[in-house]
Amino acid sequence: MKASMFLALAGLVLLFVVCYASESEEKEFPRELISKIFTVDDFKGEERECKGFGKSCVPGKNECCSGYACNSRDKWCKVLLGK
């Protein structure tokens with residue numbers, strides 16, 4: 001009788017350990033997925049980053065932020081006037 005109680009208790013402890021390990025892996029998966037999504041968004045933000053006032057630019061490439069235009073003479077972003 002003592003042996004069967006010991007085996008039952010050991011089985012419950014083993015079940016608890018297995019459940020705890022699988023639950024902790026499930027909790028980490030969404031965190032990893034979210035962090036990968038945000039790193040992809042950060043990368044896209046770097047690709048589409050616009051240039052602000054006074055930054056050098058290439059005329060005709062539309063690199064300046066909205067409200068600014070690349071000046072062909074000076075080759076830097078200036079405030080867009082009259083359009």
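Cβ atoms here come from the backbone N, Cα and C positions, even for glycine.
Residues or ranges marked as signal peptide by Swiss-Prot: 1-21.
Following the DSSP three-state reduction, the secondary structure of Cys65 (disulfide bond) is coil. Summarising the annotation, Swiss-Prot assigns disulfide bond to Cys50-Cys65 (among others).
The feature disulfide bond is assigned by Swiss-Prot to Cys57-Cys70 (among others), with experimental evidence given as support. Within the same chain, residues at least 6 positions away in sequence whose Cβ sits under 8 Å from that of Cys70 (disulfide bond) are Cys57, Val58, Pro59, Gly60, Lys61, Asn62, Glu63, Cys64, Trp76, Cys77, Lys78.
Over all protein chains present, the Cβ of Cys64 (disulfide bond) has 21 other Cβ atoms lying within 10 Å. Residues annotated as disulfide bond in Swiss-Prot: Cys64-Cys77 (among others).
Here Swiss-Prot flags Leu81 as leucine amide. Every protein chain considered, the tally of other Cβ atoms within 10 Å of the Cβ of Leu81 (leucine amide) stands at 6.
Long-range Cβ proximity for Cys65 (disulfide bond), meaning a same-chain Cβ under 8 A and a gap of 6 or more residues, is found for Cys50, Lys51, Gly52, Cys77. The DSSP secondary structure for Leu81 (leucine amide) is coil.
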